[in-house]
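**Student:** Once you've had a glance at the structure underneath, I'll fire off some questions.
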Amino acid sequence: MTLLEGSVGVEDLVLLEPLEQESLLKNLQLRYENREIYTYIGNVLVSVNPYQQLPIYGPEFIAKYWDYTFYELKPHIYALANVSYLSLRDQDRDQCILITGESGAGKTEASKLVMSYVAAVCGKGEQVNSVKEQLLQSNPVLEAFGNAKTIRNNNSSRFGKYMDIEFDFKGSPLGGVITNYLLEKSRVVKQLEGERNFHIFYQLLAGADAQLLKALKLEKDTRNYAYLNRKLSRVDGMDDASNFKAVQRAMAVIGFSEEEIRWVLEVTALVLKLGNVELEDEFQANGISASGIRDRRGVQEIGEMVGLKSEELERALCSRTVETAKEKVVTALSVTQAQYAQDALAKNIYSRLFNWIVNRINESIKVGTGEKKKVMGVLDIYGFEILEDNSFEQFVINYCNEKLQQVFIEMTLKEEQEEYKREGIPWRKVDYFDNGIICNLIEHNQQGILAMLDEECLRPGVVSDSTFLAKLNQLFSKHGHYESKVTQNAQRQYDHTMGLGCFRICHYAGKVTYNVDSFIDKNNDLLFRDLSQAMWKAQHPLLRSLFPEGDPKQASLKRPPTAGSQFKNSVAILMKNLYSKNPSYIRCIKPNEHQQRGQFSLELVAVQVRYLGLLENVRVRRAGFAYRQQYRPFLERYRLLSRSTWPHWNGGDREGVEKVLEELSISSEELAFGKTKIFIRSPRTLFYLEEQRRLRLQQLATLIQKTYRGWRCRTHYQLMRKSQILISAWFRGNMQQKRYGKIKASTLLIQAFVRGWKARKNYRKYFRSGASLILANFIYKSLAQKFLLGLKNSLPASVLDKKWPAAPYRCFSTTNQKLRQLFYQWKGKKFRDQLSPKQVEILREKLCASELFKGKKASYPQSVPIPFHGDYIGLQRNPKLQKLKGGEEGPVLVAETVKKVNRGNGKASSRILLLTKGHVILTDAKNSQAKTVIGLDSVAGVSVTSFKDGLFSLHLSEISSVGSKGDFLLISEHVIELLTRMYQAVLDATQRQLPITVTEEFSVRFKKGSVDVKVTQGPGGAEDSKLSCKKKGSRRLEVAV
């Protein structure tokens, strides 16, 4: 039993403590947030819609719940279905599962799960599988024609359904019977904003191929049809096209012929076409207002499709024949009256088509009358409804729920009383609210509300909703569960929520105010005889069969039964059916209005808990003893609490239970011992037993752990001791074997040496002393000579040739490496001796450039083969520039034209740069006058980019006179040569190394502050040598190269 142990909250609300609405709601919320959507109230299942797929269904879980009884696993719909099916199969008791809840609570899905479970666990075989498939495939057909998207639910059932599944004595399904209740046919002609018409209309337009649409004279666009909500044609997560194919397949599986499927689709198309017939005002010759068809093409298409003359349909829509016993009077209808007749015809056609489909399914799944059968009924019907504006539909729905609540209370009390009687427990009368007075208020044959409504509909004279309300006020003025504005005024009560055209009934779930507007019309549900006769004249077989009263031979002046009386009779038959079966209940709850998973609205759920009467259900269930259990399972669970029954008990189960409870000193008023079960009155006592069991389990667990740990330690010690002895034996043996091996090897070695010494001693007199050494030296010298001569012929021709012959023997490897090193050193010295001092100086400059820029600047590889020239401006031909360098400076190291980047705007201007051994001189390119003379000791560093550009920054020391003006940003076409010679000049002049930094981001200090320079490579890349400088504010300069 898992009701208490390891559960989330309380799994059975019968055990809830304290029993209040707040605690009940909190328990449901806690379980819902932990994805536990099912909760019990005894044998009643409460299901909260999760709005998501949970991994708790399928063959694995079906097999799991098939093997256990009701309370042995977590609450689940499979457990309830399993109990019902086993009771039907094994105890031969007819079953009924009642599924209730408001729209969007998950009633349809619950009924599907029940049927899928029963189909999975019942018998197998070709015929049985065929019956199961027909029963299951009835769901998509009925959903297509009876379900619609509403504000609350994307797949809301707009009719009540009761299915009797019939089984043979082995529990295998034979067939079934489906009964439908109160289809919401007003949806055919009008839908609220955000809602759709029945699914089949959208499925037909989306899923039918072009040929079928042409045959039905339809178009795919839903906006072309007046009866469809033109603002909403699709529903998220619903594929109308694939659903249409599924409906066609399901109808074929059930047994519909291709011709019947075509008939059904033609009648469905007829309803759509009928909504597009537009009416207009006309006037008769005598000036009386009449109506006519604006565009006769729509009427002609309808007539062609169903085999009806368009004039007949137009006459039936625009006029009415009133027939008495003596004469017939034809009256023209106004546009309003004709539109009412048009909508009434569409609603009647669709409603009768739905009834025909249900009857056709019943024909396919019905069972022969001669077979003995068992029955399981599944009732999927509307829950209690309280809307802002409650009309006739809500009145009959709530009446049905009153009857179901009455059945539930009576059957629950009856079941409790029978169990007490079986167990020999005295039965105490239970106080509960009997809603029979409310049912009688509605359904009394002479003085009930429905009877008064029928009487008003049949009464001659002026009849209206107001006269009906006045009759109710007169008849029920003193009734305790009836209120209206008149009765409140008589009692001097003021209620602004009560309208003049309303009355209120105090239902078991709360007070509901009904607006009597349209009660008379909806109860009459009349269809003019002209329309029935026109439909009967159609050549379409199905449409003709839907209107048998249109046959003139069967014409009757008797009024058809009202909608209220029909529903009342259906409810009476349903109640009789339920009373004859063993009921099970599934109460479905919608957790939020937005169909969002994980959201739990306490206010919304509280309203549904009141509508469903859950608190009343719990109170009735707990009226006597809250908990009961058979003696054996109870003893197995709690026998560890008594030293007499633990660990072994050889007596009877009841005696063992008595021993356990006696030692726990539980009050006798809390207990009752039945014939096969123990009864516990209060949940508090059960919680006490569970707490004592938990503490006892901790004690036993500690004892088991202590015993196990001792055994494990002893076993471990013994294993370690055996292992140690074994390892020691193997180790000693191995050591002795190794020692013996070493002694043996040493002995053999000594013997070999001794034998060798003796042999050499004996043979020495026969050979020259030292001959072997001479032979060895000769061989070594021969090999060395051969190696050196071979090396002579394979020497590299150039110092740049790195191919060197490998040593023929490993003993020459070191010598070979030394020779290779000496050879290249000799070759290098020989090459250097041939060079002039000027060439040596050029190579030293190239070496310095390599150390500074190799692998750092992209333009370096291009500068390697080009010798440093120094003079790029013709210095010898310009005496003015020669004067600038001064006499003591020596030769000019570099003379070239550079570009100086302006500090203010980033623009470049040409300058002549002269590099001497002591200064860097910048002169104007036009007048050859010195602009700036920078001592090399003032140069602090140089920053240059890694790209192929010639941009560099000359950083000056701040303490120098020139450096106070700031750094220089220059562009040179020979930047590698310039910076290399500047580096050597600084080193010679100041004995320090000039820092040259290769970077794309550096800071240049100007007189007014520093500027950050960022160098980027432009779209031209390396091929584009142009530089562009852009000033970004006062502190940033971007250079694109």
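A Cβ is built for glycine as well, from the same backbone N, Cα and C atoms used for every other residue.
Pulled the feature table from TrEMBL, pasting it below:
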- 8-694: domain 'Myosin motor' (DOMAIN)
- GLY101, GLU102, SER103, GLY104, ALA105, GLY106, LYS107, THR108: ATP binding site (BINDING)
- 571-593: region 'Actin-binding' (REGION)
- 857-1041: domain 'TH1' (DOMAIN)
**Student:** In the structure shown, which of the binding-site residues GLY101, GLY104 has the fewest other Cβ atoms within 10 Å?
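**Tutor:** Counting other Cβ atoms within 10 Å of each of the binding-site residues GLY101, GLY104 gives the minimum at GLY104.
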**Student:** Using a Cβ cut-off under 8 Å, which residues of the same chain at least 6 positions beyond either end of the region 'Actin-binding' (571-593) come close to it?
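**Tutor:** For the region 'Actin-binding' (571-593), the far contacts come to 28, 32, 41, 43-49, 51, 77, 80, 83-84, 87, 93-107, 110, 114, 152, 162, 164, 179, 181, 375, 377, 379, 383, 399-400, 403, 407-408, 411, 443, 599-601, 604-605, 608-609, 612, 614.
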**Student:** Averaged over the domain 'TH1' (857-1041), what pLDDT does the prediction give?
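**Tutor:** Across the residues of the domain 'TH1' (857-1041) the model's pLDDT averages 82 on the 0 to 100 scale.
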**Student:** Give me the sequence-ordered set of same-chain residues, not including GLY101, GLU102, SER103, GLY104, ALA105, GLY106, LYS107, THR108, with a C-beta within 8 angstroms of the centroid of the ATP site's C-beta atoms.
**Tutor:** ASN49, ASN153, SER156, SER157, GLY383, CYS588, LYS590
**Student:** Report the DSSP secondary-structure composition of the region 'Actin-binding' (571-593) as helix, strand and coil residue counts.
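**Tutor:** Reading the DSSP string over the region 'Actin-binding' (571-593) gives 9 helix, 8 strand, 6 coil.
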**Student:** Once near-sequence residues are set aside, which residues in the chain of SER103 (ATP binding site), 6 or more away, have Cβ atoms under 8 Å from its Cβ?
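**Tutor:** SER103 (ATP binding site) has long-range Cβ partners THR150, ARG152, ASN153, SER156, SER157, TYR382, GLY383, LYS590.
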**Student:** Does anything in the same chain, at least 6 positions from ALA105 (ATP binding site), have a Cβ under 8 Å from its Cβ, and if so what?
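**Tutor:** Counting only residues 6 or more apart in sequence, the Cβ neighbours of ALA105 (ATP binding site) under 8 Å are SER47, ASN49, GLY383, CYS588, ILE589, LYS590, GLN608.
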**Student:** Have a look around THR108 (ATP binding site) and count the other CB atoms within 10 A of its CB, chains all included.
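**Tutor:** Taking all protein chains shown, THR108 (ATP binding site) has 22 Cβ neighbours within 10 Å.
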**Student:** List the residues of the same chain that sit at least 6 positions away from LYS107 (ATP binding site) in sequence and have their Cβ under 8 Å from its Cβ, in sequence order, or write 'none'.
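**Tutor:** Listed in sequence order: ILE99, THR100, GLY101, SER157, ASP380, ILE381, GLY383, ILE586, CYS588.
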**Student:** What count of other C-beta atoms do you get within 10 angstroms of the C-beta of GLY106 (ATP binding site), across all chains shown?
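**Tutor:** So the Cβ neighbour count for GLY106 (ATP binding site) comes to 24.
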